[in-house]
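As recorded in TrEMBL:
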| type | residues | note |
| --- | --- | --- |
| COMPBIAS | 19-30 | compositional bias 'Basic and acidic residues' |
| DOMAIN | 149-199 | domain 'Inner membrane component' |
| DOMAIN | 379-495 | domain 'Sodium/calcium exchanger membrane region' |
| DOMAIN | 598-740 | domain 'Sodium/calcium exchanger membrane region' |
| TRANSMEM | 152-175 | transmembrane segment |
| TRANSMEM | 260-286 | transmembrane segment |
| TRANSMEM | 346-365 | transmembrane segment |
| TRANSMEM | 377-394 | transmembrane segment |
| TRANSMEM | 406-426 | transmembrane segment |
| TRANSMEM | 446-469 | transmembrane segment |
| TRANSMEM | 481-501 | transmembrane segment |
| TRANSMEM | 547-567 | transmembrane segment |
| TRANSMEM | 662-685 | transmembrane segment |
| TRANSMEM | 691-716 | transmembrane segment |
| TRANSMEM | 723-743 | transmembrane segment |
Amino acid sequence: MSLSAAQSSYTSSRRRRPAEHDQDLPQEHDPQASLDHEQFHDRLTNPTDTPSTNHSICPALCTTKCMPAHTCQSHHAYDESWEEIQSKRTIRAENEVEANKLVNNYRFGFRKWKSHVTERPFEVRSEVVKELYSELNVIKPNSGHLITCGNVAYVLLFGWWISLAYFLIGLFMFITITGVPYGKLCLKLSCYFLWPFGKSIHEIGKTLRICCEQAPDCECDLERTEDDSPVLLPSPTDGPVPELPGRPLRTPYWHRFSTYVWLLLGYPPLVVIHSLACFISWILVFTIPVSKMNARTLGVILVLAPEDVSITSCTQRKHQIYETRALLCCYQATNWYYYKYTVDGINVFAVNLLPLVIVAIVIGYIDRENQYASSDVKFAIAICSIIPLSYYIGMGIASISAQSNFAVGAVVNATFGSITELTFYITALLRGHRAANPCLQEVVKAALTGTLLGCILFIPGVCMIIGGLKHSEQRFNSRSTGVSAALLFISVGGVFAPTLFSKAYGSLVCDACANSSGGNSSGAFVCHNCHYDLNNGTLFRNHVEPLVYTVSALLPVAYIIGLIFTLKTHSHIYDIHVGGGQENGPHGAVVHWSRWRSLVILIMATVLTSACADLATEHIQPILNQPNVSQYFIGVTVLAMVPEIPEIVNGIQFALQNNISLSLEVGSCIAVQVCMLQIPILVLFNACYDVGFVLLFSDMHLWASMFSVILVNYIFMDGKSDYFQGTALVVVYLILLAMYFFAPSPTGC
């Protein structure tokens, strides 16, 4: 079987595969995900699939007695074909913009983004996702049970106090006499909100209302809907119903005194009740149906005339023959798939964390004396507020890149891709320089090292574990990963070159040395706080500092060469092409954010990130002063990994979709940007405005980073991953964290 035949057979089989019914994510596929290694071997060695044999593949090796000629040919074709197919990727997208975003994920220097940047057609989405965006105003047949853990939890968390509030307000409306109709409505809603599942609220139409008003002895029952009396059916041929003599006309809604009594006395407390329930249920995410139910009740049902509201059982609405409009119907209070829910393209978790930004800025800049919140609380809120801002920055970068050419995308990724980390580092260096506090400089170096370790060990390790537990063994393009690994070697070697140079030529100086044997001069000496002194002599000014500037100039050049290599001259290494599945033309895509909107959001998010970073560095000192926690540990964990949480989530989502290649590229891309862009920018900033930042790291930073790079490259050599390899990376990462936790604080802190 020839290589081209194998590739065509693989591509056709890929396009025939249906998507999973509950998969509502971009359709990115690695060929390794669908073509097993052994299956591919069988396909090449099966005689029924190889009617013709080409003996020119291995003419020399096929002469051995231990291997037949056709077996040798098949094995060589297998090895060559597998390596080629291993590097192919077929991408299916709904439109051109989405295809550009998916292709950018495989490009070096581009941020890997999982979420859609365009609106997906609602009709092509799965039923599970359609249910997430339902407004609860459509009555659907219920195939499940109403008594579930989620519904019982609703009663315990929300139902009882909402029902009690309606009961008390109903009694109060009865006391006002004029509000009796609203009191009856509140009592009905009190029973409804105690257990709303399987019940529906309807707005009664004009025909049914006229029937009941003009025929007091009418047999229609507003609480029953199984009666199929034709008098209740609206008919276009019916003329206006004649008014009955002596029957008062229906007073318009805004002409009633009871309406104003309700809006002044009964409605305001319910606004508070429903708003509180709506907020709590929205923050919990998985109870968003409860939030929708409260919002719809507050905005629609409670502003209707009480006689227009009918509460019935959903099972009695099988034959809807009355002129009514469904307002609310809910069967389940929880839905575990709401982790996929998005608001304007932004995941609901990021949306829920966005108010933390406002809270952090308000309490940080107003409560300067820490009267209402301590420094620890302000620091925690400021750090957590960076998470949603990082997500918005990532969405803005992906949107602009998907709607622009690769040159613009590369520039945007290079400038805004590291803006969150750079903002924090520069803010910390400025504050440490103004306060003459060298500890913040060491914290910045620890954060830089922690980002390297997390991106090299933790992110790939977690993705391997989660992906391996679901897919057993995953494969990735070892050649394209080798490009990132080579750049990682170059970047880490360049960053730590000044440190190695200083240790080779610097003078070891100790603060205090004492003879361990008392007065005996021949005894051993014990020295404390030993370090390499670069201030004495001309070593630093004449040798180390020029080396730092040289390395800082060469690293961005290497980054640009990597971009040219992977995007232009050797783009065939990735060999990405868009396959079938495009349903909309390039002009039919509706993007969540336009380029200008994305740019405005990027700028706003950058400004807010600067403010939050300033607050975090302002209130970090009490945490650094904790005697039981090393300052190294705070830098390599909290300050390093919190801004990378959106990237960790993206990597895990890629791994769950059996696209481990992108999961590994997520960490490598960040690590390369830290070394080749962020650190040179910090050196350039220090050259323009001296804040005391010196590109010299401690021994622990040096050897931990070097060991991590060597380890991860060893694991990536075979092009395969499983949960055991991921566990090894995570365990090594935790061991390094333990070392930082028990390490003494930096000198002078």
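Heads up, the Cβ atoms here are built off N, Cα and C, so glycines get one too.
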For the transmembrane segment (377-394): best-contacting stretch of 152-175, 346-365, 547-567, 662-685, by Cβ pairs under 8 Å: 346-365
Surrounding residues of the transmembrane segment (723-743) on its own chain - C-beta under 8 Å, 6+ positions past either end: 446, 453-454, 457-458, 460-469, 629-630, 632-633, 636-637, 700, 704, 708, 711-712, 715
The transmembrane segment (446-469) touching the transmembrane segment (691-716) per 3+ Cβ pairs under 8 Å rule: yes
Other parts of the chain folded back onto the transmembrane segment (547-567), taken as Cβ under 8 Å at six or more residues beyond its ends: 107-109, 406, 410, 414, 480, 483, 487, 490-491, 494-495, 497-498, 501, 573-574, 672-673, 675-677, 679-680, 683-684, 687, 694-695
Best-contacting stretch, by C-beta pairs under 8 Å, relative to the transmembrane segment (406-426) and drawn from 346-365, 446-469, 481-501, 662-685: 662-685
Tally of residues which DSSP labels helix, strand or coil - the domain 'Inner membrane component' (149-199): 42 helix, 2 strand, 7 coil
Range from 346-365, 481-501, 662-685 with most C-beta pairs under 8 A to the transmembrane segment (446-469): 662-685
Counts of helix, strand and coil residues, the domain 'Sodium/calcium exchanger membrane region' (598-740), according to DSSP: 118 helix, 3 strand, 22 coil
